[in-house]
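Here is the structure we will look at.
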């Protein structure tokens, strides 16, 4: 808001009538500078001006208006102009610069540690898959598109028990693994893995006469698969073990089966000059998914990593403290600087709202009219709102990061990365506020602001068409096309097609099982691609370009002004003139009052010998 105002003030010094602003805006939108200049001259000659120059001091009313203009003029100045006007240190700007440096350093360190953590847990998950999953091979370790192999699954009852045997034997012979894995007991004794079976209470199918017996209630039964260490496949059978305990699996009623156990390990790779090794406990779960009852029981392994407090070698004790202290100091500095930024921005918004109330009261008393909604919005600085949001996100993320590094929190890496990443994104967006003080860089921001309403209306219409194509493609093509299997994947596929990505693969993957749907898919894809690439995107670009051309015309012929901008534009005193400095207080007590609280000065509107109290201005 304030950047547009400053640009407008620099472009249009002088007096302007309130009613002429809307007309000026309409003329500029018509790209007619000659009509704009003629309108301004005619309005200046035929109508009574709202305001007079600040140097005109014929009456007490003019003096009152002059003071009000100066207060508003100073309020809307950028940090450089405020320094020239009152030699006021741009402390909010300094805080933002320090914050950018600190949060960026913090994010880089956290990103490096998070990458090592995620990469280490993923590599261990691959190792566990080779150790405990029967049928796992290296081709499944890379996510390729389109998938080169089908899902890992079991199709025979004998294969199900073989998979259980393979996992149990691998767990019992943990010493054969290259990785430094240990059992979770303090004496490294092997606890029994846990097997849980989830079955329908009744689920018997008689396919030969199309009948069945079914009870949808699910029973859960768990037991420990007791096994001796270093057992081999010759002397162990999970099927026999289950029979001994009276468990007979009915696969027509089996919903899923889960085998769980835990392992401990130490990561030496993370160790450095001041960084100790990390200790982990992996909670491993092997799942047999038979919910679809389609003859394919999906097999998967998941490993949940939990960081533990290490009981390391004594040589690392001092270095541990140094690394922990340095990271804690950085986190504390980030929290402190973001808290200061949060307080300053909240204080600025509060003072702006106070000044808005005083200005509204002044307009009512002096001109018997209300300040327009556009003028009132000038007091709401959206940059401060964005800074407050990123401060809150970074403070929360820094707190979680500190807990992770002190091992007080569990696996909170993802939520911490969301807070810190989004907060850092908004912090760097905030730099645009200061670039906007320069005319060349401000064009982008003003273009986006000008185009925002039209873009929003345009996107709403385009979204309705997009939703129709999405639901249609999901319903019709979903069973025969891998990219349309779900509503989310359908939307992602269509969005990729808009950007020209993977078009041929989208056409070629469609199954020819149904010739009618195969031809329908061609018509569907051709219509969507043609409509969005040749029509919708072209119109979208034209909306942006129209706003850009309008902004360029504003720079050439002048920006339209609100009633507030027209009122303040009459003040021609330069920031470096010294008149603002003469009106400001210079005592240390007044400076403390300005920094710590809002010093309110009563403001009166003079009329002859009597004075009417208008309000208090936050100075």
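Yeah, the Cβs are placed from backbone N, Cα and C, and that goes for glycine too.
In TrEMBL, the annotation transmembrane segment applies to 325-350, one of the ranges 299-324, 325-350, 351-376.
Among the residue ranges 268-291, 412-435, 484-507, 556-579, the one that TrEMBL annotates as transmembrane segment is 412-435. TrEMBL assigns the feature transmembrane segment to one of the listed ranges (224-246, 523-545), namely 523-545. In this chain, the transmembrane segment (412-435) lies out of contact with the transmembrane segment (455-477); the count of Cβ pairs under 8 Å, excluding pairs fewer than 6 apart in sequence, is fewer than 3. Residues 91-92, 95-96, 98-99, 102-103, 105-106, 109, 274, 380-381, 384-385, 387-388, 391-392, 394-395, 398-399, 401-402, 405-406, 598 of the same chain lie 6 or more positions beyond the ends of the transmembrane segment (325-350) yet place their CB under 8 Å from a CB of it.
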